[in-house]
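Enquirer: Below you'll find the structure I mean.
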Amino acid sequence: MKSTLKLTLGLTSAMFASTAVSNVAQAEDLTLCWAAWDPANALVELSKDFTKETGIGMKFEFVPWTNYADRFLNELNSKGKLCDLIIGDSQWIGGSAENGHYVKLNDFFDKEKISMDDFVPATVVGYSEWPKNSPNYWALPAMGDVVGWTYRKDWFSKPELQKEFKEKYGWDLAAPTTFDQLKQIAEFFQKREIDGKTVYGASIYTERGSEGITMGAMDGLYSFGFKYENPDKPYEMDGFVNSEKSVKGLEFYKALYDCCTPPGASNSYMGEGVDAFKSGQVAMHMNFAFTWPGLQKDENVGGDKIGYFANPKGPDGDQFAQLGGQGISVVSYSDKQEAALKYIKWFANKDVQAKWWSLGGFSCLNAVVKDPGFPASQPYAQTFLDSMAIVKDFWAEPSYAPLLQASQKRFHDYVVAGQGSAKDALDGLVKDWTEVFQDDGKM
Amino acid sequence: MTEAGLTMLNRTADSVARATPEPLARKVRGISDKGLAWLFISPTILLLLAVNIFPLFWAIYLSFTNYRANRPNEVVRNVGLANYKRILGDQDIWIAMQTTAHFVFWTILLQTLIGFILAWLIDRKFRGHAFWTTIILVPMMLSPAVVGNFWRFLYEPQIGLFAYAISFATGIPATQIGMLSNVSLAPWSIVIVDTWMWTPYVMLICLAGLRSIPEYIYEAAEVDRASNWRQFWSITLPMALPFIMLAVLFRGIENFKMFDMVNLLTGGGPGSTTEVASITLKRQAFESWRTGYSSAFAIILFVAVFGLANIYVKALNKVKQR
């Protein structure tokens, strides 16, 4: 009887102890929120090292891109405690800083000797600073990203196509360096029979619902001379957003959509672009750099068949590309801020960043990207570096959402639906954006 | 119930009554039947107040403010009727309302016409009519999310069966049939899908109406040598009209607030060609975060639907009384 009692007591204590231990472990677990995409899987792999080193478990909340902003902005706005760490989009930084969603990291960086000078400058401005170009940091640059292009190297190198192209356009068929060249190549491939299949010129961003067409059209607009505002007078947009050069840029993007995209590509963004390229439909493909590791590995279009180039130059030689990517922030409503800061400290480490790149993430640390071996480390590494050197970002104001919705509507109405002229669209955009800034009391 | 059963029930009731603590029993004894009824329905009423009535009044309050849900720290100001004025003067809102009206009109017209014809055919009770009724009802049983997604594939100009069928019939290359990307075709692509999915529903209601017409009326008409055409216009249509009007009411309300299908098929595009009011509302509320403004828009839509539905119900009652 005594032994049975002892056994029962022992088992009960063991069960209680194990529950308590597991509760402690759960209490220490950190939840990291991000988009559901390839780099997120790489981060899961990478974070296993953090758990090994610190004993802090990592949980992940990944949401598909289409719901990413809705889901996490709702979470932040309702002061939810789901996320301890968040990798938020670059345009959220203004709102998240001003509304107190993110913990300001300046003191932590000073204490831990993490210097923003060690990161690619464009990523610091784009992902960490608010107000822009001021030393106020709300995130650590986590995932560098930029819009660039992939092309079918195998098609470009077909001798019969090279010959025909040279005869028609007078220059060698190769990765374009200007938008004019890009359009000529796209026209050349449009509805061409290659290996018994009809192919098309290019896949570009045309999506209406979230941010797609803005992220795409801006790539043309920037290089044609578009500016968000008067550099000497903030928020003065008339004559900059709707300048003659901007109008030409938007007209070019529409011409590219009309002449050279696959049928039905009226609502195409990252996923649709990857599908079009992977299925061998298009000769060129505009997309964020994060898609490149996956495409490089693809059996049908990857390896030697794929090439990369940075967003081309505009008519005056200007060359810019739309910034993507995100920084990692500590959520101010989290009860585990100390552990979350530990993660950021660990993530900023050079070896961790090097492993991050090797797993398919895009490091923003100078020590990684400026390493002499970096350009040769992946076939797309040099294009990534070239592209990161020419980035521009959309408004990162607290009102970025209505600003984005306005451009989505104006661009889609003109480019895809063909309503009005480019000038009408950009004049309308100035009107919409002015209204937003007036509502905010900034004008 | 048998006597033994009743005795058992009484015994159980007695033992429950005895087990009830005296203070509680004293309170319960004092409750009238009416009080007891309120006690039973109060959870439902509380739930309704919490999830329906309170949000409605809260939305009315927000519609007079500049509140934005993504700026919890900002001071909320009363802006009076500014949101309402802005909405009523906003050209984009009127375009969205026109798009909605276009969508509601064509879907209701097609669904009523086809639904009634199908009901009339099914009512003939031909061999296998039960089987065909079940087949016709299938689209209605599917989830709108599933319907939206597979019609998107069907409409694909490169791989879609719909494009190929049209191409086969007309000789136009399938790649030129961009049902979702062409400005002229996109609104019709939604009308087609909604009609495909919801005509069976209208058919069911019409069928109920047709089956409610007593057989002896037709027999009397036969005796009077009324032609089939005359019987249809003088008996079938007038007697089925209240049912048809009911179906129109249900579909009208439903399509006025249509969101899922449009969102899945076109997302409001190309451009703003298919941007119905509910899509505009969603964009203002959850993408632009203009909570006060979108609350005002929601109230305007609510009043419009409520007002129109009330006028319609009055007309329906008049038809029923004839």
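Cβ coordinates come from backbone N, Cα and C, glycine included.
Automatic prediction, not curation, is the source of TrEMBL annotations.
According to TrEMBL, the protein carries these features:
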TRANSMEM  B:36-61  transmembrane segment
DOMAIN    B:97-312  domain 'ABC transmembrane type-1'
TRANSMEM  B:103-122  transmembrane segment
TRANSMEM  B:128-147  transmembrane segment
TRANSMEM  B:159-179  transmembrane segment
TRANSMEM  B:185-210  transmembrane segment
TRANSMEM  B:231-253  transmembrane segment
TRANSMEM  B:293-313  transmembrane segment
Enquirer: Considering pairs 6 or more residues apart, do the transmembrane segment (B:231-253) and the transmembrane segment (B:103-122) have at least three CB pairs under 8 Å?
Expert: yes
Enquirer: Among B:128-147, B:159-179, B:293-313, which stretch has the highest count of C-beta pairs below 8 Å with the transmembrane segment (B:103-122)?
Expert: B:128-147
Enquirer: With a Cβ cut-off under 8 Å, give me the same-chain residues at least six positions beyond the ends of the transmembrane segment (B:159-179) that come close to it.
Expert: 151, 153, 185-186, 188-189
Enquirer: Which one, B:36-61, B:128-147, B:293-313, has the most C-beta pairs under 8 Å toward the transmembrane segment (B:185-210)?
Expert: B:128-147
Enquirer: If we skip the immediate neighbours and take only residues 6+ beyond the ends of the transmembrane segment (B:36-61), which ones have a Cβ under 8 Å from one of its Cβ atoms?
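Expert: Counting only partners 6 or more residues beyond its ends, the transmembrane segment (B:36-61) has Cβ contacts under 8 Å with 295, 298-299, 302.
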